[in-house]
Amino acid sequence: MSLSAAQSSDTSSRRRKPAELVQDLPQEHDPQASLNPEQIQNRLTISTDTPSSHHSICPALCTTKCMPAQTCPSHHAYAESWEEIQSKRTIRAENEVEANKLVNNYRFGFRKWKSHVTERPFEVRSQVVKELYSELNVIKPYSGHLITVGNVAYVLIFGWWISLAYFLIGLFMFITLTGVPYGKLCLKLSCYFLWPFGKSIHEIGKTFRMCCEQAPDCECDLERTGDDSPVLLPSPTDGPVPELPGRPLRTPYWHRFSTYVWLLLGYPPLLVIHSLACFLSWILVFTIPICKMNARTLGVILLLAPEDVSVTTCTQRKHQIYETRALLCCYQASNWYYYKYTVDGINVFAVNLLPLVIVAIVIGYIDRENQYASSDVKFAIAICSIIPLSYYIGMGIASISAQSNFAVGAVVNATFGSITELTFYITALLRGHRAANPCLQEVVKAALTGTLLGCILFIPGICMIIGGLRHSEQRFNSRSTGVSAALLFISVGGVFAPTLFSKAYGSLVCDACTNSTGGNSSGTFVCHSCHYDLNNGTLFRNHVEPLVYTVSALLPVAYIIGLIFTLKTHSHIYDIHVGGGQENGPHGAVVHWSRWRSLVILIMATVLTSACADLATEHIQPILNQPNVSQYFIGVTVLAMVPEIPEIVNGIQFALQNNISLSLEVGSCIAVQVCMLQIPILVLFNACYDVGFVLLFSDMHLWASIFSVILVNYIFMDGKSDYFQGTALVVVYLILLAMYFFAPSPTGC
């Protein structure tokens, strides 16, 4: 794939794909803007000048190089469907690594990843994003309102107690006598932090300070007004001012007794106050400017000499003519766009959830007797800690795949793509086997089914709703979606084939049967706990078990065939072309994570996921013992969908960018991996180490999965999506959840 953007306009025009031309038509040809897809489709022709059969638009529709109108045969008018035209899109990337990641998003079997794996040039980012990463030591013109909801909330949540702390510490410094200058500073900062907006903190320049020290009668005071000179930064060319005879020298900062009184008595409590404010404002995400303000105060302002710190307002700044250096200036306490904020390529929400992993491991493995936290709390923390680990695993997979060829990427996606779910399932099966608790096996089956239902119904549905509300109607490549749909049919048919076989040939056994008429041999019997008994005879060992192994061997083969079909022999189905726009060049990309770093993070995240999964399964029993909640419901909701939260977020972001094709592929890819990779691996693990896992599902799992696959294929047939279709999928998903919620407990629970 060539990423060169240095092509002539004529060559670029000739080689542009039909999708590019169609997308440009409403802007370039206003009379044609109202054409519907069928009208545009009817005006297409197939060019025969090249073996690759590049398509062009007839002269009746556009003015690019085309074949004559009379050579547009009618039998070629429908040679390519509108969906195929829509699938041929040009994607833009800043560099080659980012282009590989974007192309991998369209490949079957690859994890769909929205976040960037390389550092984007700061100068090309939008002004909104630049504002998120800007420091608060630059004074910028501001014309907005200072009295906003966020600023008022700052006063109520942070401002009053920070200001009170400064006031009390200031009084205490006055009592020490030697700390009087710091007491004055604290009183000034007390007023500042009560309402810091529109105010600024400056460090007084050396030239002004030495002038005032040597000439007490100078007029360069803080309140002086003059011309509208801007605030100046310290000039590196300022030379030392000659000392006046008999004038005492200024005592260096670290040679003062008051400095050590301040660092021992005044600074420590403020360290606690600002650290707490930083923590709370960072956790809230949208108040990160408050975190920056407190961190800068703690690290810079409070370590300066008190006479060097000046607090001014907007009006005073306009008239000051003395030399200062801006230290802190803030206009807004919150910014709703901070949900885009990243740290080393990781979204701030995932970064904030990462400490949960440490908390879960510490309280889980140290507090064995539940003295400080109950099992319910430990289970909740352990489950939530899997969310950031899943995000880190996804980032690692995307980074390695983007920096490697597609074969390595396919192996990495197949190996680590399901590692989070497999870790939990295997851990639960092992714990259930050791404790002779068959309930955990049923919970694992419920989680497998819940992941399948969530990826088939909920993820596409919620993406259709959000994308449809923003873009009215969205189109996707129905042919590529058809490949995933076919694999879904194969997957569900293979996974539930042993269940159907056992119901056709197994013996129904019921326990606790009673005669409603009171007789012994006649009348109607009421039975409970009915199930198919497969272990007492030869049916399971001679027929069902071989079928399970056969299906488990065929499903991965079908997955590999799907990879070959979509990545090699029929890759033109996706027909993704990476266009120009690479400012940095192919080798100028600065990746967030190198391949080795990504691999190390993947291994560490996998180990931590295993620990958190072990803790979750250890403390899940009190949750399962809840009398009002079915164990099925816990499996299909909490255990199934919590690890998939990063994927749901990715799908929603794709839908908001009018890329519904990737949103649908997010769910389909996970569902196919559940059936074709995760379940065969569980069967193989059970064959090597018998934990009692049998690939036989309940009737509710069976019919819910089959119905969901049929429904989603019906929805996807026309290649269009809107919020109504998405609502239908989500409503069906909620109905199935209601069935699981009211379902009786499975056998063994």
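The backbone N, Cα and C atoms fix where each Cβ goes, and this holds for glycine too.
Note that the structure is a prediction, hence the values are computed from the model and not measured.
Noted in TrEMBL for the protein shown:
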- 1-11: compositional bias 'Low complexity' (COMPBIAS)
- 379-495: domain 'Sodium/calcium exchanger membrane region' (DOMAIN)
- 598-740: domain 'Sodium/calcium exchanger membrane region' (DOMAIN)
- 1-38: region 'Disordered' (REGION)
- 152-175: transmembrane segment (TRANSMEM)
- 260-286: transmembrane segment (TRANSMEM)
- 346-365: transmembrane segment (TRANSMEM)
- 377-394: transmembrane segment (TRANSMEM)
- 406-426: transmembrane segment (TRANSMEM)
- 446-469: transmembrane segment (TRANSMEM)
- 481-501: transmembrane segment (TRANSMEM)
- 547-567: transmembrane segment (TRANSMEM)
- 662-685: transmembrane segment (TRANSMEM)
- 691-716: transmembrane segment (TRANSMEM)
- 723-743: transmembrane segment (TRANSMEM)
Worksheet, complete the sentence: The recorded stretch from 346-365, 377-394, 406-426, 446-469 sharing the largest number of CB pairs under 8 A with the transmembrane segment (723-743) is 446-469
Worksheet item: Taking a Cβ cut-off under 8 Å, which residues six or more beyond the ends of the transmembrane segment (377-394) line up next to it in the same chain?
Response: 111, 113, 346-347, 350-351, 353-354, 356-357, 359-360, 363-364, 367, 370, 416, 419-420, 424, 601-602, 605-606, 608-609, 612-613, 615-616, 618-620, 622-623, 638-639, 642-647, 650
Discussion item. What residues elsewhere in the chain lie close to the transmembrane segment (346-365), defined as a C-beta under 8 angstroms and at least 6 residues from its ends?
Written reply: 115, 282-283, 285, 288, 338-340, 372-373, 378, 381-382, 384-385, 387-389, 391-392, 395, 608, 611-612, 615, 618-619, 646
Worksheet item: Same-chain Cβ contacts of the transmembrane segment (481-501) under 8 Å, 6 or more residues past its ends?
Response: 108, 452, 456, 543-544, 547-548, 551, 554-555, 558-559, 562, 565-566, 573, 661, 664-665, 668-669, 671-672, 674-676, 679, 695-697, 701-702, 705-706, 709, 712-713, 716, 719
